[in-house]
Amino acid sequence: MHSIPADTGHTPSRAPAGNGSPPADVAFPKAIKSYVRRAGRTTTGQAKALETFGSQFVLDYTPGPLDAQAAFGRAAPLILEIGFGMGEATAHIAGVRPQDDFLCCEVHEPGVGALLKRIGERGLTNIRILQHDAVEVIDHMLPEGSLDGVHIFFPDPWHKKRHNKRRLVQPPLVAKLARRLKPGGYLHCATDWQPYAEQMLEVLSAEPLLANSADGYAPQPDYRPLTKFENRGLRLGHGVWDILFRRVA
């Protein structure tokens with residue numbers, strides 16, 4: 001059975017920590033968004049899914065604590081996903097983990113429509129979408145200790161060195177996420193860009209509320225599928241790195 005990474009009960013090892021300090025010219029939280037503006041056309045199928053399922057599965061952004069039990073209609077572990085692209089991995093994970101609820105942030109309408117289409121096709125009930133910047137959602141809708149897990153899969157790597165400061169996984173955001181995790185909750189990042197993987201490992205290792213669940217990079221958890229894009233990269237010899245940390249008490 002697919003499940004969230006097991007808590008082994010022992011103190012996880014920590015990867016070597018860097019200084020964890022953001023560049024001097026980076027201002028938080030306003031300078032870092034959870035998304036990059038992209039052009040994209042909403043297809044007919046996506047538009048139909050938005051019309052058919054949007055009112056049921058897309059939540060309004062409202063500053064103030066989210067009532068997750070009311071939003072999902074039950075009390076269950078809550079996982080935040082920051083940026084889900086076209087929703088391929090999101091729908092798979094929600095399907096193999098029906099016991100968990102997934103609050104998914106994505107601003108791009110084609111992606112929202114694509115995930116809604118998958119929700120309808122698969123009869124998923126444990127996903128809710130916020131078409132809003134995840135940083136503002138974290139700041140204004142998610143109280144401390146409200147999350148059981150966080151997924152950040154393949155965020156924009158900002159390849160050029162002068163753009164590295166725009167990367168999402170930076171110390172201030174990680175500190176916010178760590179405080180919003182319950183003790184034992186997890187933060188799972190994945191990237192196919194090794195320099196970003198190294199930065200992720202350094203930043204997460206420097207956060208005192210988090211401890212590495214592995215000795216460095218983690219094995220790919222069974223719940224995270226290989227996407228078509230990822231499979232293509234692997235065929236071309238590209239690597240993929242998973243980083244999995246847990247909130248300490």
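Each Cβ is built from the backbone N, Cα and C atoms, and glycine gets one as well.
The model shown is predicted, which means the values in this text are computed figures rather than measured ones.
These features come from Swiss-Prot:
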- 1-24: region 'Disordered' (REGION)
- Glu81, Glu106, Asp133, Asp156: S-adenosyl-L-methionine binding site (BINDING)
- Asp156: active site (ACT_SITE)
- Lys160, Asp192, Thr227, Lys228, Phe229, Glu230: substrate binding site (BINDING)
- 162-167: region 'Interaction with RNA' (REGION)
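A helical conformation is recorded for Lys228 (substrate binding site) in the three-state DSSP classification.
On the backbone, the CA of Asp156 (S-adenosyl-L-methionine binding site) and the CA of Asp192 (substrate binding site) stand 10 Å apart.
Per-class residue totals from DSSP over the region 'Interaction with RNA' (162-167), listed helix then strand then coil: 5 helix, 0 strand, 1 coil.
Distance noted between the C-alpha atoms of Lys160 (substrate binding site) and Asp133 (S-adenosyl-L-methionine binding site) is 23 Å. When the binding-site residues Glu81, Asp156 are compared by the number of other CB atoms within 10 angstroms of each CB, Asp156 has the fewest. Residues Glu81, Glu106, Asp133, Asp156 are listed as the S-adenosyl-L-methionine binders, and the farthest two of them sit 15 Å apart at their Cα atoms.
Taking the Cα atom of each, Asp192 (substrate binding site) and Glu106 (S-adenosyl-L-methionine binding site) are about 20 angstrom apart. The 10 Å shell around the Cβ of Lys228 (substrate binding site) contains 10 further Cβ atoms across the protein chains shown. With respect to their backbone Cα atoms, Asp133 (S-adenosyl-L-methionine binding site) and Thr227 (substrate binding site) stand 24 Å from each other. A strand conformation is recorded for Glu81 (S-adenosyl-L-methionine binding site) in the three-state DSSP classification.
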